[in-house]
Amino acid sequence: MGNRKNRIIFHIDVNSAFLSWSSVYNLQQGEAVDFREIPAVIGGDSKSRHGVVLAKSISAKKYNIKTGESIFSAKKKCPQLKVIPPEHHLYRKYSNAMMDILKTYTPMIEKFSIDECFMDLTGIKKAYEDPENFALSIKESIKKELGFTVNIGISSNKLLAKMASDFEKPDRIHTLYPDEIQKKMWPLPVENLFMVGRAAVPRLHKLHIKTIGELANCDLKLLKNEFKNYGALIWNYARGIENSEVKDNSFIKAKSIGNSTTLSADIEDRVSAHKILLALCETVSMRLRSSKSICKVVTVVIKNSDFISYSKQKQLYNATDSTKDITKAAYEIFDKVWRGDKIRLLGVSVSHLSPNELYQTSLFDSEGKMKNEKLDRTLDSIRSKYGSNSIMRGVFVKSKVKTIK
């Protein structure tokens with residue numbers, strides 16, 4: 001079984017998550033074809049310039065279709081490719097359902113992303129005695145109850161468990177204990193190591209490091225000279241050294257709330273940009289109020305037609321959840337930072353959040369703030385009941401800009 005050092009860590013990873021979840025849902029609705037069995041991708045509408053592959057089936061991989069490439073490019077490789085629009089509300093539903101199943105095995109779960117998490121099963125007798133059989137029961141339970149498959153990686157730390165889950169897919173269980181590293185992990189290409197990004201690979205190759213094993217056995221001083229602290233991190237990872245705990249993060253409140261939109265056509269005038277910002281601020285501030293939070297910092301992100309992004313943030317004098325205050329700050333930031341170039345994407349986020357019970361109204365403008373609060377609450381109530389576009393500000397009338405979800 002290998003040296004576990006008394007810890008049992010599982011990494012659960014949904015196979016082709018978005019595609020699997022869309023496929024399961026459509027089969028439940030009477031769809032005859034399982035998208036997982038044909039060349040298929042989850043992607044947006046190329047006409048609105050959101051045409052990017054988000055997930056792909058195993059059959060689509062055979063056509064060398066890559067996650068992140070355009071739908072247009074993918075269709076050229078495979079003309080019969082099935083393109084399914086993303087349904088993020090559906091993905092959250094299936095993700096939460098999986099988490100509910102996993103919580104019946106242990107409360108010690110750390111959600112790493114919408115489709116993967118870590119489980120600490122240390123101290124659970126059945127898991128310690130036969131971790132692979134215990135993992136099998138989890139895997140089969142998810143398949144039976146929810147209809148999709150997962151990979152499960154098993155080890156004594158989070159890094160090795162994650163690396164193990166990425167071995168052969170789909171619907172597999174793999175171990176990667178410390179005494180299995182040389183055989184199972186070191187022969188792999190260095191780019192397969194967690195935290196080794198695309199930018200680092202050519203620099204590692206120049207140092208004649210092409211496998212994880214070569215990285216693990218190279219001179220640490222050489223790596224530190226080239227990569228500083230990052231060099232020490234990936235050197236340790238190549239040796240399987242990682243000691244962080246599995247932390248239950250289900251109760252952690254979001255550190256920021258944001259929204260962005262890629263525009264159907266580039267804009268290059270301030271008035272149009274302000275309308276987009278207002279629509280974004282309405283959505284962000286509504287989410288902020290829904291979370292019963294107030295913010296102290298507003299950030300605006302701009303991406304131009306050359307795909308160059310830049311941003312700036314502004315700290316507010318008083319924390320707020322007011323659409324008017326957040327929009328005013330966003331306008332000021334935009335007017336200060338915009339370079340006059342064509343705009344492809346705009347984004348707004350709020351951060352430095354705190355509970356709204358800490359909100360203190362200034363004596364000098366309490367009447368105005370109370371009116372704005374009443375307006376915000378009224379708009380929130382109507383939109384929650386009848387939809388985001390059920391009521392709009394006068395500035396949006398005769399405009400193509402609507403409330404952005």
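Every residue gets a Cβ built from N, Cα and C, even glycine.
Listed in TrEMBL:
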type	residues	note
DOMAIN	9-197	domain 'UmuC'
BINDING	ASP13, ASP115	Mg(2+) binding site
SITE	PHE18	site 'Substrate discrimination'
ACT_SITE	GLU116	active site
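Structural mapping of features recorded in TrEMBL.
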| residue | record | DSSP (3 states) |
| --- | --- | --- |
| ASP13 | Mg(2+) binding site | strand |
| PHE18 | site 'Substrate discrimination' | helix |
| ASP115 | Mg(2+) binding site | coil |
- Query: How many other Cβ atoms are found within 10 Å of the Cβ atom of PHE18 (site 'Substrate discrimination'), counting all protein chains shown?
  - Reply: 23
- Which residues of the same chain, at least 6 positions away in sequence, have a Cβ lying under 8 Å from the Cβ of ASP115 (Mg(2+) binding site)? ASP13, VAL14, ALA17, PHE18, TYR91, SER95
- Query: In sequence order, which same-chain residues at least six apart have a C-beta under 8 angstroms from GLU116 (active site)?
  - Reply: HIS11, ILE12, ASP13, VAL14, LYS162, SER165
- Which number gives the other C-beta atoms within 10 angstroms of the C-beta of ASP13 (Mg(2+) binding site), all protein chains shown included? 21
- Task: Find the average pLDDT over the domain 'UmuC' (9-197) in the predicted model and report it.
- Result: 93
